[in-house]
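Trainee: Have a look at the structure that comes next, please.
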Amino acid sequence: MTAPVIGVLALQGDVREHLAVLRDQGAQAVTVRRPEELAAVDGLVVPGGESTTMANLASRFGLLQPLREAVAGGLPTYGSCAGMIMLADTVLDAPAGQQTIGGLDVTVRRNAFGRQVDSFETEVEVAGVPGGPVHAVFIRAPWVEEVGPGVEVLGRVVGGAADGKIVAVRQGHLVATSFHPELTGDPRVHAMFVELVRAARARGLGSDGATAGADSEGRASRE
Amino acid sequence: MSQQHSESSDTTTGTVRVKRGMAEQLKGGVIMDVVNPEQAKIAEDAGAVAVMALERVPADIRAQGGIARMSDPDMVQGIIDAVSIPVMAKARIGHFVEAQVLQALGVDYIDESEVLTPADEAHHIVKTDFTVPFVCGATDLGEALRRISEGAAMIRSKGEAGTGNVVEATRHMRALRAGIKRLTTLDDTELFVAAKELRAPHDLVVEVARTGKLPVVLFTAGGLATPADAAMMMQLGAEGVFVGSGIFKSGDPAQRAAAIVQATTFFDDPAVIAKVSRGLGEPMVGINVDTLPESQRYATRGW
């Protein structure tokens, strides 16, 4: 079987780091800035960066609706930090009118841990990632305040002021983390996601998701 | 959900990874100079990844003269309260107390900037002492590596801020790129000499030679005024851009700001750059760098 094609949304953010880890994990990693590029991938990563900037650019370049349709149509998607915000159905502490891709039934709070002086590193146990806790880097990071019934909590912060806050979730084909595994050299979160993409492609779901990006079926609803 | 409770959990702030990682998140983006909360909102709505809070944009500092210092804390606070994107602010070169104040205010990044009047003729701020990360200007590779060794977590070209003339930024970007490329061709023996010539720490010189890039994110600053300026800098190897006077000294700041954001993302697509460059109104009035007296050249500040 050929390597799965995984796109990294390349409007802004730490795109290069995600591309490098995905390639190390055996994926064919490509950048996605246009609807036709989105239509050609088996999976998608929404990187860290500024969610307001990404949403703004996605909207101006006609990519937001195709992204919503692809994610709603089953395209396996992983979001780190700003990517988690982009995938969330509800965002708190965002500028009025900030749009997201949505699809992940969670409420996320932006900059929840504080400003940059509060950015930190710690260890987080992530369900589905074997081999001990993941070294997690949080940079002006969001956390998940509420999860819907179909959302599995994969990891929480342990200790400190933010003890117990949810920082890793999965809902079927969607995975999101508040932290940045792409910055640490630990490939295990990406490895889990690449496996998810392989499995989805084997079931033929990945190609449905990719097709959904190219036409207007399965309009994503935003409550 | 049951989680084991551990009060001894290792949680650390202000690490090199967190400081440099913050700059990684800004890549592909535009950081805009703003002087009040209204401008900050315009910048955020236009898609800026961060704003630089300052009292006067460089063009006004040039026009009005006098000593340029850190901004009024009330003004910085007003901008922090107005937007959700990161807020940066400038401290004078060597003025570590201005930096302490800015850190206490909660700014997300400090620019130790030659645009302000230097406070120390020999020493830059020891940036490793701070939790907040710093960006510093550089005209060439040696200067960039000296700033990184002091703890800078991000580097930008110096350019000539406030001129609307991109020629100096181009010179610095080309010098940085050429310096990096040259190191990758040297052997271990030659790298010792290169470190001496660059007046930079040997370990950083070796790291650049091995990786072919700076160990921190590299942005461009100084004199950018148009979407094409931003895209050119990205094609020359910048990972993002700072735009100062170029936006709010132009005819239609909101539209120009959005156009520069779009040109930075699609820097390699001339059709997009052409499209966003239409109908932007008047760009800022420029200054020819050749006519600037030496005392008004910012790029020569810092060492």
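Heads up, the Cβ atoms here are built off N, Cα and C, so glycines get one too.
Automatic, uncurated: that is what TrEMBL annotation is.
Note that the structure is a prediction, hence the values are computed from the model and not measured.
So TrEMBL has the following annotated:
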| type | residues | note |
| --- | --- | --- |
| ACT_SITE | A:CYS81 | active site, nucleophile |
| ACT_SITE | A:HIS180 | active site, charge relay system |
| ACT_SITE | A:GLU182 | active site, charge relay system |
| BINDING | A:GLY49, A:GLU50, A:SER51, A:ARG110, A:ILE139, A:ARG140 | L-glutamine binding site |
Trainee: Taking Cα atoms as reference points, rank the active-site residues A:CYS81, A:HIS180, A:GLU182 by distance from A:GLU50 (L-glutamine binding site) and give the first.
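Mentor: Sorting the active-site residues by distance from A:GLU50 (L-glutamine binding site), the top entry is A:CYS81.
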Trainee: By the criterion CB under 8 A from chain B, which of the recorded positions A:GLY49, A:SER51, A:CYS81, A:ARG110, A:ILE139, A:HIS180 would you report?
Mentor: A:GLY49, A:CYS81, A:ARG110, A:ILE139, A:HIS180
Trainee: Would you kindly give the Cα-Cα distance separating A:HIS180 (active site, charge relay system) and A:SER51 (L-glutamine binding site), rounded to the nearest Å?
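Mentor: A Cα-Cα distance of 14 Å.
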Trainee: Taking the Cβ of A:ARG140 (L-glutamine binding site) as centre, how many other Cβ atoms lie within 10 Å?
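Mentor: Excluding its own Cβ, A:ARG140 (L-glutamine binding site) sees 25 Cβ atoms within 10 Å.
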Trainee: Would you kindly give the Cα-Cα distance separating the residue listed as 'active site, nucleophile' and A:ARG140 (L-glutamine binding site), rounded to the nearest Å?
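Mentor: Cα of A:ARG140 (L-glutamine binding site) to Cα of the residue listed as 'active site, nucleophile' measures 9 Å after rounding.
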Trainee: Hey, which of the recorded positions A:ARG110, A:HIS180 is the loneliest by Cβ count within 10 Å?
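Mentor: Taking A:ARG110, A:HIS180 as the recorded positions, the minimal 10 Å Cβ count falls on A:ARG110.
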Trainee: Quick check for you: of the active-site residues A:CYS81, A:HIS180, A:GLU182, which have their Cα within 10 Å of the Cα of A:ARG110 (L-glutamine binding site)?
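Mentor: So the list is A:CYS81.
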Trainee: Checking the contact step here: among the recorded positions A:GLY49, A:ILE139, A:GLU182, which have a Cα within 10 Å of the Cα of A:CYS81 (active site, nucleophile)?
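Mentor: Cα filter at 10 Å returns A:GLY49, A:ILE139.
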Trainee: Might you list, by sequence position, any residue in that chain lying six or more from A:ILE139 (L-glutamine binding site) with a Cβ less than 8 Å away from its Cβ?
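Mentor: The list for A:ILE139 (L-glutamine binding site) reads A:GLY48, A:CYS81, A:GLN116, A:SER119, A:HIS180, given in order along the sequence.
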Trainee: What is the separation, in Å, between the Cα atoms of A:GLU182 (active site, charge relay system) and A:GLY49 (L-glutamine binding site)?
Mentor: 12
Trainee: Pairwise over A:GLY49, A:GLU50, A:SER51, A:ARG110, A:ILE139, A:ARG140, annotated as binding L-glutamine, what's the top Cα to Cα distance to the nearest Å?
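Mentor: The span, Cα to Cα at its widest, is 13 Å.
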Trainee: Mind telling me which of the recorded positions A:GLU50, A:GLU182 has the densest Cβ neighbourhood, counting other Cβ atoms within 10 Å?
Mentor: A:GLU182
Trainee: DSSP secondary structure for the residue listed as 'active site, nucleophile', reduced to helix/strand/coil, please.
Mentor: coil
